[in-house]
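Q: Input: one structure, supplied below.
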Amino acid sequence: MVQLVGSLRKELADSLSTCKVLVVGAGGIGKSLLIIVNVCFLQIDLDTIDVSNLNRQFLFQKKHVGKSKHRFVAKESALQFCPTANITAYHDSIMNPDYNVEFFRKFMLVMNALDNRAARNHVNRMCLAADIPLIESGTAGYLGQVTVIKKGLTECYECQPKPTQKTFPGCTIRNTPSEPIHCIVWANIFSRCRSEVSPDTADPEAVWKPEEAAARATASEKDGDIKRVSTKDWARSTGYDPVKLFNKTHLTQTSLFKDDIMYLLTMDKLWKKRKAPTPLDWQQLENREESPGSGLKDQQVLGVWGYCQLFQHSVETLRTQLQEKGDGAELVWDKDDPPAMDFVTAAANLRMHIFSMNMKSRFDVKSMAGNIIPAIATTNAVIAGLIVLEGLKILSGEVESCRTIFLNKCPNLRKKLLVPCVLDPPSANCYVCASKPEVTVKLNVHKTMVLSLQDRILKERFGMVAPDVQIEDGKGTILISSEEGETEANNSKFLADFGIRNGSRLQVDDFLQDYTLLVNVLHTEELERDVEFEVVGEAPDKAPPPQSNQEDVNSITNGNKDSAQPSTSSKARAEDDDIMIVDSDEEGASSSAAAGTAATPSGTKRKHSDAETGETSIKRPRTDQSGAAADNDDDDDIIALD
């Protein structure tokens, strides 16, 4: 007869009393895990608590805002629920070199509760190197997902390629916005004064003669040509006067919503296939009567004059805050700071109106400007419970019975919200967990610097922490060393300066991650504007010939299907809208990187938000199942390129 300790078999209960579990992340899911799990528990998180965290879990309260998630709140709060738990909390980054492979080997199980791709990639590689089971998870609104990663048995987190972050060329942001997100990014940039927001005269699409534009500007403005000045310097010179920011008041100054727009109109080639923008004038808008909005304040969409007043009030408040800080001080933008958020909301909506777009509520603008992925405490609690159930299988030695489990927004045809799927085997083409990881990178060896190879390609694109690079040239030339000072002199040199050409091979090692990657270099001079490199395939057998027409993995997204014509300064490739069908109680193989399911009769897969980060994964078609629909809006990361 099986002996039970509570609801667990005695053998499993005894194992739990001595096992050590590492939880990475202390957000919504991580906090729920603290409440549920009663084992020897070590949790690592770098973040402090902000206002937007309060709706994601049950432990944090308003009084905790600004404190460390772990050291000051997590442990104390969790012990109130489970006084016997043995919890060690660290306020630190999991990518700290102190947390090496030997550190990971101390644990029987690792649970991820992260919200960014870089940390997920790193933990994935550390668990593969240490051969420790990893439970990956995440949520997005009502959707959630849990999956198990075990070296050699299942695919890893990076087996399925993730799309790169959406980026927008600077000329689109400054000259031809066609979507609300373009206007929000523009307002966000100006609020931080971190880049230029005036019209981009270098836009390759605006093939116009400067002398003609000057003549047109003279014709449209009695005072004549407009001298372009730095936005930051100009704003400071106005004394941050909201009306001056709005309208032109001096020959050497320009305004956000009037003169800048009139200047754009002189670039007439931009408007041959688009609806031209309409400048705004403060005096003409002043005291315009508008009906008050209805509903919650944050969800109201105001009129044009309402946003003018909000713009004025926010600028005056921010100016006062800056003056209180003293000379030379700068304000730090924070999505939870009301005046800062009011400024972005007002400026973005006024620009939307100028470019004939539907304006957005403060709630919508904050979600996009702050890259906020919707999170709900109950969804996080459900996913935390599923993590624990999969963890119990692993600790019982039953890894083969683990499943990828999807939490859907709506029941499927079998009236199930939770859909388990068989774990997929490792991908032979994965550049992380394959036996000999290899990848081909297309770049211009005469324009790509060593520093760009290190930071943009190896660290940012391939998720390495401290890469060492050796050229396979028969000499063992060290191109990049993780040891400080050894190869810094190489940073400003081009790859071609070291004899790297089409077909060269680079051996890259990250000793912290115990990870080796062979990089094949494919030289090209035909990269699109603002594209530094492209990844060709995931693990090619060899570098493809120069004439090979491979898909661009690192494309720039621009424009809108149902709005004005997008900027053609950089070509955009539309993403395939695949549909993933998962409707059986059990199971059928399913990629572990998905975060939700949706169904159509076509039997293809749809890409869904990757838990908490808003990322999606490329899926393989499946025709052996049928399912029901579950809606999900993808939330994309926002980066403006200038």
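Cβ coordinates are placed from backbone N, Cα and C, and glycine is handled just like the others.
Straight out of TrEMBL:
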| type | residues | note |
| --- | --- | --- |
| DOMAIN | 8-404 | domain 'THIF-type NAD/FAD binding fold' |
| BINDING | 25-30, Asp45, 53-56, Lys69, 93-94, 115-120 | ATP binding site |
| BINDING | Cys156, Cys159, Cys430, Cys433 | Zn(2+) binding site |
| ACT_SITE | Cys171 | active site, glycyl thioester intermediate |
| REGION | 538-642 | region 'Disordered' |
| DOMAIN | 538-635 | domain 'SUMO-activating enzyme subunit 2 C-terminal' |
| COMPBIAS | 548-571 | compositional bias 'Polar residues' |
| COMPBIAS | 575-588 | compositional bias 'Acidic residues' |
| COMPBIAS | 589-603 | compositional bias 'Low complexity' |
| COMPBIAS | 631-642 | compositional bias 'Acidic residues' |
Q: Please average pLDDT over the domain 'SUMO-activating enzyme subunit 2 C-terminal' (538-635) for the predicted structure.
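A: PLDDT averaged over the stretch: 39.
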Q: Between C-alpha atoms, which of these recorded positions comes nearest to Gly28 (ATP binding site): Cys156, Cys159, Cys171?
A: Cys156
Q: Looking at the recorded positions Gly25, Ser93, Asn116, Cys171, whose Cα is closest in space to that of Cys159 (Zn(2+) binding site)?
A: Asn116
Q: Using C-alpha atoms only, work out the spacing between Cys171 (active site, glycyl thioester intermediate) and Cys433 (Zn(2+) binding site) and round it to an integer in Å.
A: 39
Q: What subset of the binding-site residues Cys156, Cys430, Cys433 lies within 10 angstroms of Ala119 (ATP binding site) at the C-alpha level?
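A: Qualifying among Cys156, Cys430, Cys433: none.
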Q: So among Cys156, Cys430, Cys433, all listed as binding-site residues, which is physically nearest to Asn116 (ATP binding site)? Use the C-alpha atoms.
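A: Closest by Cα: Cys156.
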Q: What are the other residues, in sequence order, whose C-beta lies within 8 angstroms of the center of the C-beta atoms of Cys156, Cys159, Cys430, Cys433 at the Zn(2+) site?
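A: For the Zn(2+) site the neighbour list reads Leu128, Glu155, Tyr157, Glu158, Pro426, Ser427, Val432, Ala434.
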Q: In Å, rounded, how far does the Cα of Cys433 (Zn(2+) binding site) sit from the Cα of Gly25 (ATP binding site)?
A: 23
Q: If you count Cβ atoms within 10 Å of the Cβ of Asn116 (ATP binding site), leaving out that atom itself, what do you get?
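A: Looking across every protein chain shown, the total is 13.
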Q: What's the most sparsely packed of the recorded positions Ala119, Cys171, counting other C-beta atoms within 10 A?
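A: Counting other Cβ atoms within 10 Å of each of the recorded positions Ala119, Cys171, the minimum falls on Ala119.
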Q: Measuring Cα to Cα, tell me the gap between Cys156 (Zn(2+) binding site) and Gly25 (ATP binding site) in whole angstrom.
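A: Cα-Cα, rounded: 19 Å.
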Q: Counting other Cβ atoms within 10 Å of each Cβ, which of the binding-site residues Cys156, Cys159, Cys430, Cys433 scores lowest?
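A: Counting other Cβ atoms within 10 Å of each of the binding-site residues Cys156, Cys159, Cys430, Cys433 gives the minimum at Cys430.
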Q: Including all protein chains displayed, how many Cβ atoms other than that of Gly28 (ATP binding site) lie within 10 Å of its Cβ?
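A: Its Cβ has 27 other Cβ atoms within 10 Å.
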Q: What's the CA-CA gap between Ser93 (ATP binding site) and Cys430 (Zn(2+) binding site) in angstrom, rounded?
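A: With the alpha carbons as reference points, the distance is 26 Å.
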